[in-house]
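Pulled from TrEMBL:
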type	residues	note
ACT_SITE	LYS94	active site, proton donor/acceptor
BINDING	GLY194, VAL195, GLY196, HIS197, VAL198, GLY199	NAD(+) binding site
Amino acid sequence: MSQDYTTLEKIINQDPVFGQLSFNDHEQVVFCNDKDTGLKAIISIHNTVLGPALGGTRMWNYDNEWSALNDALRLSRGMTYKSAITGLNLGGGKAVIIGDAKTQKTPEMMRKFGEFVHSLSGKYITAEDVGMNTEDMDLVREVTPYVTGISESKGGSGNPSPITAYGVFMGMKAAAQFKYGSDVLEDKVIYVEGVGHVGETLVEYLTEEGAKVVIADINRERLEEVSSKYRATIYQGADLHSEPMDIYAPCALGATINDNSINKLQAQIIAGAANNQLADEAKHGMLLQQRGIVYAPDFLINAGGIINVFAELEGYDRSEIMRKTENIYTTTIEILKKAADNGVTTHTAALQIAQARIDARRAEHSSQSH
Ligand SMILES: NC(=O)c1ccc[n+]([C@@H]2O[C@H](COP(=O)([O-])OP(=O)(O)OC[C@H]3O[C@@H](n4cnc5c(N)ncnc54)[C@H](O)[C@@H]3O)[C@@H](O)[C@H]2O)c1
């Protein structure tokens, strides 16, 4: 069941914190408030069984605080499974800052946020997400070592988005191999929704391969820029999800596969970078399965970025990062097959593998402590 957190009555009638549906065994949630800088942030630590909770910080002008909390909870849970399925020794965490990244973000705010991250002593390690860039992470680095995705000039690995895009491209090709028996994307009509850091590089890969790429974004400047660079067609209509297409690549925010969009979708494959694409994992995953639409699980195919920032912690080796990211192709094929063989949704198949790894590590920990 998807959660409706938009009416006050519904919020009051549910237990407003631990009882809400996005709360799913999260270990710790930290509310960060600083009047001087205007910082209002939520750090959500979902799980640290496999290692410290690593996940980016998103700055977004949320409709309300409830919506921000839900985003943090859902995103941090996704990070747990992303790292687990990718074989990284990391837990899942994520932070959100409430506000407009264009007009409200200041260096003072970023440093203050860094102090809150530091107060968790490494249990949570941050990075960039929507509304953040490497310069912001450099500011956080001034006050805490628990940050990744800092500039190359400062010893970091820089912007992880191109690697994320490469992983999404690999996942998309794997889904095409599974669906069409060929992973060649030439002439496929592919809609990329959101041409920000990841979307743009994905468009580059797709146009290089000769796909017919259509792009959509709420930011007109981005559209013009990406369109002129890669000769991608700008979507002019008002209802992208109902357009005839082969592949839909959600690369903006989450939950675009929802009650409104799902029955209109004409794509045969969904493969994109956005986190939490399914508004309701069980229900919408099942509907996609019933409609024969191959859904490449988001947390599996968008793991390139976390592979990249993890390498920053472990010692940066670009060729190893690219190899691990390329491996998303093989893992995606395995998961799509597993889902088909077992009659479960692709999301469930991926989740089961990730959960098994966490459970095994938890069992190891508890046997060691007895
Ligand atoms: N950057 C990474 O390495 C990385 C890694 C894993 C997952 N992701 C996820 O991928 C997605 C994109 O990340 P990014 O770093 O490219 O972010 P970004 O902020 O650079 O780009 C997002 C783009 O989406 C556009 N957008 C927002 N709402 C939209 C809407 N309703 N319709 C169309 N366009 C819309 C924005 O204008 C922007 O251009 C996010 O969901 C993020 O969480 C990113």
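Keep in mind that glycine also has a Cβ here, set from the backbone N, Cα and C atoms.
What TrEMBL annotates, mapped onto the structure for a quick look.
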residue : record                             : Cβ contacts under 8 Å, 6 or more apart
LYS94   : active site, proton donor/acceptor : ILE43, SER44, HIS46, GLY55, GLY56, THR57, ARG58, ALA72, LEU75, SER76, GLY78, MET79, ASP129
GLY194  : NAD(+) binding site                : ALA216, ASP217, PRO250, CYS251, ALA252, LEU253, ALA273, ALA274
VAL195  : NAD(+) binding site                : VAL203, ILE215, ALA216, ASP217, ARG222, LEU223, VAL226, ALA232, CYS251
GLY196  : NAD(+) binding site                : VAL130, SER161, ASP217, ASN219, ARG222, CYS251, ALA252
HIS197  : NAD(+) binding site                : ASN159, SER161, THR164
VAL198  : NAD(+) binding site                : SER161, THR164, ALA165, VAL168, CYS251, ALA273, ASN302, GLY305
GLY199  : NAD(+) binding site                : ALA165, VAL192, GLU193, ILE215, ASP217, VAL226, ALA249, CYS251, ALA252, ALA273
(message) I'd like to verify something. Among the recorded positions LYS94, GLY194, GLY196, VAL198, which ones have a C-beta closer than 6 angstroms to some atom of ligand 1?
(response) GLY194, GLY196, VAL198
(request) Look up GLY196 (NAD(+) binding site) in the DSSP assignment and report helix, strand or coil. (result) coil
(request) Sort the residue listed as 'active site, proton donor/acceptor' into helix, strand or coil using the DSSP assignment. (result) strand
